[in-house]
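Quick one: this structure, given as structure tokens, is what I'll be asking you about.
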Amino acid sequence: MADQLTDEQISEFKEAFSLFDKDGDGCITTKELGTVMRSLGQNPTEAELQDMINEVDADGNGTIDFPEFLNLMAKKMKDTDSEEELKEAFRVFDKDQNGFISAAELRHVMTNLGEKLTDEEVEEMIREADVDGDGQINYEEFVKIMMAK
């Protein structure tokens, strides 16, 4: 996972990590993790932090070493990338930029992609993704359906 990071990213993470490794023993406490991540432009919730800590702190000693931290950051960066890609994809479908994908917009994009769909197929795709039943797909619904793939 961490091997997907650039040298530049690694040194940026090392710098941030070192700032919070007060005693220089190569470990930061789980409490400090949130502060480090926020300094790197991530904005994890308390619940996310707890999940990350449980995931990373393999020996359960309450501290995170730099290799563990790198793996964690690599994973977060990957998640952030795919979130950006999803937003971009949603914008492509949402032709009028009103925050919703209508049946007409879905049909238009699918046709441009070479997918000739019947009205029934388009309606079925909308129904599948349309959690709140308003006949169109909002961003949350779009993310849910895309992440399920």
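Glycine is treated like the rest: Cβ placed from N, Cα and C.
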In Swiss-Prot, the residues Asp94, Asp96, Asn98 are said to bind Ca(2+) 3. Which of Glu85, Glu105 is said to bind at that same site?
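Record check against Swiss-Prot: Ca(2+) 3 site with Asp94, Asp96, Asn98, extra candidate from Glu85, Glu105 is Glu105.
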Quick check on the domain 'EF-hand 1' (8-43): DSSP residue counts for helix, strand, coil, in that order please.
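Across the domain 'EF-hand 1' (8-43), the residues distribute as 23 helix, 3 strand, 10 coil.
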Report the DSSP secondary-structure composition of the domain 'EF-hand 4' (117-149) as helix, strand and coil residue counts.
20 helix, 2 strand, 11 coil
Among Asp132, Glu141, all listed as binding-site residues, which has the most CB atoms within 10 Å of its CB?
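Output for this query is Glu141.
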Could you count the residues of the domain 'EF-hand 2' (44-79) that DSSP puts in helix, in strand and in coil?
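Going through the domain 'EF-hand 2' (44-79) residue by residue, I get 25 helix, 3 strand, 8 coil.
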